[in-house]
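Q: The structure's right below; bear with me while I get my questions together.
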Amino acid sequence: MLIKNEIRQVISLILPVLLTASIVSYLATLMHHLPTTPLMIASIGASITIVFVVPSSPMGRTWPVLAGHLLPALVGVCLTSLIDDATILCLTTITLSIITMVIFKCVHPPGVATALVPAISQSTQPAMGLSFLLDPVLFNIIPLIICGYFYRWYLNHRASKKESSGSTSTLAHNKSSIFFSELHETIATRNEWLDIDERTLDDIFKQTHLLALEHRHQKLTCEHVMTSRLITLKPNDTIHKALELLQQNQFTALPVVDDEHELVGIFSLVDFLRSVENRKFDSFIALYLQAKKKAKKEVSQFMNAAPVFMRTDTHIARTIPLLTSGYHHIPIVDNRNRLKGMVTQSDLIEFLYNIKA
């Protein structure tokens, strides 16, 4: 499984890297017209590595990539016209390039190599002017920035789509931890550069906290905490019956099972009202009549057919991200997908209380 994941990860990198490198190379060939400047800056390869291999790195964002190449390139061009000694020129270029990136908060290591291009080429060809900033620096960097932006958008879209599917127990919540503001303040006061964004660091913190709970309470699974006495619905039950059960038991949702007691969905009052409110009504009476009309239909037409669920042997700590991010109840099923119970927010509160006790 580990080898398959690594192969899948490599394949997922080949396409965007190959596509970006092809676009950068093609545009560089198409738009390069200055004989005194190179076709491409060698540091573009290192930038592509940062943008696509480490997409969560702040160094691969738009501003660091753009300014992290452009400003050091400007430093290199200016110093080339002021300093003749090659050794002093290289040392000064490296130092001032790094200082410039730190001041403008655009640290991008490949940018230092870009700044050295005018300095190194000074002894073999005429000095590069400010045109070096356009050709090849901007001609190389702009397509990389655009490709990197769409690649990060794709990763975020895929992650959000996976989370919204709600069909597995690995669903992660988007809410920040209770220490996120403190984490932000701590990072802001540290006098050093961290090559990781705050959201990723916060997610690592939350995952670590969940693992710590699991290790301390290894035997406490959903089966031990869940409520096993349940009121269920069948797909062919009427909406009227479902609403009546919700009202009688003061519930907001009920699991839907088939004849073999396998979980097939969840019917909630919120989902039903949302379906009714999709249409515009001129009065409350019209809304009431529409809801009454739909009450004769079957539960299967309004239930969530892909509910979030967990297995009986799943550690109870795995329900915390769900129950703290908007879910009020999580169905618990066995290996055959048969409904065995429900874990609610009340069950979670009791679990956390017992931990403190």
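Cβ from N, Cα, C; glycine included.
Remember, it's a predicted structure, so these values are computed and weren't measured experimentally.
Grabbed the feature section from TrEMBL, which reads as follows:
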| type | residues | note |
| --- | --- | --- |
| TRANSMEM | 12-31 | transmembrane segment |
| TRANSMEM | 37-54 | transmembrane segment |
| TRANSMEM | 66-83 | transmembrane segment |
| TRANSMEM | 137-155 | transmembrane segment |
| DOMAIN | 226-283 | domain 'CBS' |
| DOMAIN | 303-357 | domain 'CBS' |
Q: Given the model, what does the mean pLDDT over the domain 'CBS' (226-283) come out as?
A: 84
Q: Taking residues 6+ outside the transmembrane segment (66-83), which of them lie with a CB under 8 Å of any CB in it?
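A: Here the qualifying positions are 41, 43, 47, 59, 89, 92-93, 96-97, 100-101, 104, 106-108, 110-112, 114-119, 122, 127-130, 132-133, 137-138, 140-141, 145.
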Q: Within the domain 'CBS' (226-283), how many residues are helix, strand or coil going by DSSP?
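A: Each residue of the domain 'CBS' (226-283) counted once, the result is 19 helix, 15 strand, 24 coil.
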Q: For the domain 'CBS' (303-357), give the DSSP counts of helix residues, strand residues and coil residues.
A: 20 helix, 16 strand, 19 coil
